[in-house]
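Taken straight from TrEMBL:
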| type | residues | note |
| --- | --- | --- |
| TRANSMEM | A:23-45 | transmembrane segment |
| DOMAIN | A:60-145 | domain 'FtsX extracellular' |
| TRANSMEM | A:169-189 | transmembrane segment |
| DOMAIN | A:176-293 | domain 'ABC3 transporter permease C-terminal' |
| TRANSMEM | A:226-247 | transmembrane segment |
| TRANSMEM | A:268-290 | transmembrane segment |
Amino acid sequence: MKLMNDLNYYIKEAFVSFFRGGLMSFTSITTITISLAIFGMILIFSMNLKEFAGILESQVDVTIYLVEDYSEDKLQELKDFIIDIPEIQSSVFVSKAEALEKLRKELNEEDFLLNALETNPLPDSIELKIKSSLSVHDIIKKLRSKFLIIDDIFYGQEIVEKVNRFTQVLRIMGTILVVLLGLASMFIVSNTIKLTVYARREEIEIMKLVGATNSFIRWPFIFEGILQGAFGGVMAIIIIMITYPQIIDNLKSMLPFMPFVSRKADLFLLYGKLLFSGVFLGVIGSLISVRKFLDV
Amino acid sequence: MIQMYNMSKVYSNGVRALDNLSIEIERGDFVFLIGSSGAGKSTFLKMIFREELPTEGHVIIDGRNIERLSDSKVPYLRRNIGVVFQDFKLLKSKTVYENVAFAMRVIGMKGSIVDRQTKNVLDMVGLLHKARMYPEQISGGEQQRVCIARALVNDPGILLTDEPTGNLDPDISKDIMNMLKKINLRGTTVIMATHDKNIVDTMRERVVVLKEGRIIKDTERGLYSYEVNE
Ligand SMILES: Nc1ncnc2c1ncn2[C@@H]1O[C@H](COP(=O)(O)OP(=O)(O)OP(=O)(O)O)[C@@H](O)[C@H]1O
Ligand SMILES: [Mg+2]
């Protein structure tokens with residue numbers, strides 16, 4: 001009962017002060033909104049890259065292209081070697097004729113392109129399925145050094161690594177940007193609260209003199225920070241809710257292979273993160289100025 | 001009980017406002033604190049509700065040494081002390097009613113109790129009909145009474161009043177004094193700094209005379225007089 005009564009007081013005071021704050025509250029919220037919207041966009045971008053990498057990674061298939069001329073013995077040697085590797089789940093030999101047939105099927109209507117060819121340009125190949133993507137590197141290295149009949153080896157992992165490296169760089173830059181934006185937001189929140197504290201210094205003095213506890217004096221200011229943070233968070237969420245589907249629409253035709261993330265669960269998690277970050281910024285911002293300027 | 005032992009207060013600017021002062025005030029006492037301007041009356045009161053800390057000596061309230069009180073305990077000390085400030089300290093942005101209710105609200109009292117008790121004390125100081133007005137819309141004497149109402153609203157064990165009748169006309173100050181006496185008879189210790197000779201001489205309570213921060217006279221049923229030898 002007592003707690004509810006106090007809580008009621010804190011929240012009411014916070015709202016009053018928030019609206020009295022007017023322009024400052026508005027500036028504070030705008031900064032938080034911009035910071036969080038950028039933070040959200042970065043999260044979405046890396047979420048999509050991760051999804052993309054995941055799809056590539058799930059295709060850990062390795063294709064070994066063979067040289068033009070080789071002896072059956074050498075091929076058998078390679079096949080035997082492959083069978084002995086425990087990490088390899090299965091292997092299938094695909095002749096150049098079969099490969100051409102497969103390509104024809106994939107192209108279906110447009111196979112006139114192939115009809116123009118006089119000879120089959122595709123090499124023979126062996127398609128491997130590997131149990132775990134971790135061992136792929138070693139296997140490929142071994143194969144390359146041992147067998148001269150191997151012309152080239154193609155595997156999705158390579159691209160995955162490139163994407164991962166890119167994601168890494170993006171994450172570092174994103175973190176730096178987000179930290180800077182976060183600090184700026186905190187600074188502005190704390191500044192807003194500082195002004196509120198200043199505007200209400202008489203009231204605070206009297207509160208102290210009649211025996212209000214320090215925490216009782218602090219809470220309304222902390223709630224005000226929370227209010228600003230939550231408000232900013234909600235605005236950022238709205239911005240992303242509106243812009244993200246449009247971005248997907250515009251990019252889908254340009255990047256048809258890109259699997260844009262639009263699962264509800266993922267997006268809700270993202271919104272949760274943004275709201276939480278907003279509240280966090282608000283709390284820290286107000287704590288800073290309450291500690292520094294309230295002197296209670 | 002309020003006890004002070006060899007207590008001195010030196011402000012940061014070097015002014016020695018209280019000088020090696022010792023006194024005991026029993027629970028339920030009524031004490032007038034008199035002395036010329038700058039004698040240290042307000043400072044004396046500030047020592048009791050720990051707005052200022054003693055530079056030397058001790059202030060003990062109900063057995064607790066208040067300079068050893070941790071910051072988090074100070075609010076609870078103050079809840080038992082009502083203060084009528086010399087400069088009122090009313091909030092301009094709040095109505096008379098809100099100014100009084102505020103003092104209850106900020107120590108966490110529930111709304112229904114706050115409302116009842118606030119109206120009760122406003123009625124006691126005769127200002128219930130001006131509850132909705134703002135401090136700037138009422139006279140100085142009325143503001144003083146709001147301040148008294150606020151000091152009484154939490155039903156304190158100790159009431160400190162710094163010239164509570166300074167701006168009041170004789171009739172109203174008589175009413176206020178009757179009210180303070182009534183509160184005192186219910187067991188509240190009342191300490192009142194004043195320059196009002198009339199009041200002191202009619203009430204015949206304990207009179208403590210301060211001069212340059214020292215107690216120069218302490219009489220049981222005293223009169224308003226600065227002189228050491230009457
Ligand atoms: N906050 C302060 N800082 C420095 N000096 C102060 C402070 N408050 C009071 N003083 C000084 O301490 C002395 C006692 O002041 P105090 O206010 O206690 O006097 P007083 O008896 O209440 O006077 P008055 O009757 O005019 O209200 C004065 O010399 C005053 O200038
Ligand atoms: Mg004074």
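Placement of Cβ uses the backbone N, Cα and C atoms for every residue, glycine included.
Please treat TrEMBL annotations as automatic predictions, because they have not gone through curation.
Per-class residue totals from DSSP over the domain 'ABC3 transporter permease C-terminal' (A:176-293), listed helix then strand then coil: 102 helix, 0 strand, 16 coil. Sequence-distant contacts of the transmembrane segment (A:226-247) (same chain, six or more residues past either end, CB-CB distance under 8 Å): 14-15, 18, 25, 28-37, 39-41, 44, 185, 189, 192, 262, 267, 270-271, 274-283, 285-286. If you average pLDDT over the domain 'FtsX extracellular' (A:60-145) in this model, you get 80.
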